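The ATP binding site annotation in Swiss-Prot covers GLY12, MET13, SER14, GLY15, GLY16, VAL17, ASP18, SER19, MET38, GLY128, and the record cites sequence analysis as its basis. The annotation active site, nucleophile is assigned in Swiss-Prot to CYS103 on the grounds of sequence analysis. Marked as disulfide bond by Swiss-Prot: CYS103-CYS200. Per Swiss-Prot, the feature site 'Interaction with tRNA' maps to HIS129, GLN345; the stated evidence is sequence analysis. Annotation comment: Swiss-Prot describes CYS200 as active site, cysteine persulfide intermediate.
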Amino acid sequence: MSDNGQKKVIVGMSGGVDSSVSAWLLQQQGYRVEGLFMKNWEEDDNEEYCTAASDLADARAVCDTLGIALHTVNFAAEYWDNVFAHFLAEYQVGRTPNPDILCNKEIKFKAFLEFADDDLGADYIATGHYVRRADVNGKSRLLRGLDDNKDQSYFLYTLGHAQLARCLFPIGELAKPEVRRIAADLGLATAAKKDSTGICFIGERKFRDFLGRYLPVQPGAIVSVDGQEVGRHQGLMYHTLGQRKGLGIGGTRDGSEDPWYVVDKDLDHNRLIVAQGHQHPRLMSTGLTAGQLHWVEREPLTEALRCTVKIRYRQPDIACLVTPQADGRLQVTFDQPVTAVTPGQSAVFYLAERCLGGGIIEARQPLSH
């Protein structure tokens, strides 16, 4: 790797352990490494929620320890226009979007790459994602990270092979405990820092309070599948299919104490439809329709393909048959019924370790009952 010394890599430094160790690994491989901290949120930066200041301090501490420069950039306008506005629009029409996927597409691998190119003269960018890249026949493929528990390829399916060719993923071959051990051995400030679980760049907020500041609250009835009103909701946007917690309803008059689950949203009448039991037929689907398709490096499908699909992060792969439709959408048929298929979320397709691409779930095929 002696020629890496001529190559400049800009690492997206989030202030977390994964990007910290990524920067060190690239140093060990001989690259010229610099860091970039992206600030992507301006609203209500109060101390109760906002972690941006402490994240920046952690990123600075790590870069000081490693002896590398840290640049900063503000992408708040791009984030608002290209990620957050879409996020709110989807919630407003009753869908449940995944902002992290859009954030990766628009910010972490578009705005970041353009800035690294134009302003910092980068040969590559790097992030602390648990994914791998493989170059086959002149095109870069996206592969799952080796740590099954942390694999993040689901979030990166919107990347194209040309983008991937400019990206390095140093920890994709490592397990999370090994990453933490390396950070501890190096004495990095982020070694014991817990993983973030909040919305991409917005941090650990009380989601209901946060959403309520941007969208009008529209209370309505919670209705059982047999038409009985069993409670009230504060807004359909606060609920997602398969949700159990936070409904505030107990057993029914007939004595059943099985927990309630959200099985549907009646947008026309602002009603939340619920049923008891997580295997209720109304919650099960035999397939889905996906649109807004993106393929990482292969051509769009022209014939049916057997593969696996993930319909949410950290869910086991589902065996399926994927069939292209005349309108450009995909029909996905599961081998076995699946619970809580959620419009607005992403369906991501795999052949073994290879992430083929994916699309947005537009509709689900309910289990006939």
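Each residue, glycine too, has its Cβ placed from N, Cα and C.
What you are looking at is a predicted structure, and each value in this text was computed from that prediction instead of being measured.
Recorded features from Swiss-Prot, shown on the structure.
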| residue | record | DSSP class |
| --- | --- | --- |
| GLY12 | ATP binding site | strand |
| ASP18 | ATP binding site | helix |
| MET38 | ATP binding site | strand |
| CYS103 | active site, nucleophile | helix |
| HIS129 | site 'Interaction with tRNA' | coil |
| GLN345 | site 'Interaction with tRNA' | coil |
Closest of the recorded positions to GLY16 (ATP binding site), Cα to Cα, picking from CYS103, HIS129, GLN345?
HIS129
Rounded to a whole number, how many Å is the Cα of CYS103 (active site, nucleophile) away from the Cα of MET38 (ATP binding site)?
12
Among GLY12, MET13, SER14, GLY15, GLY16, VAL17, ASP18, SER19, MET38, GLY128, recorded ATP binders, what is the largest CA to CA distance in Å?
16
Among GLY12, GLY16, all listed as binding-site residues, which has the most CB atoms within 10 Å of its CB?
GLY12
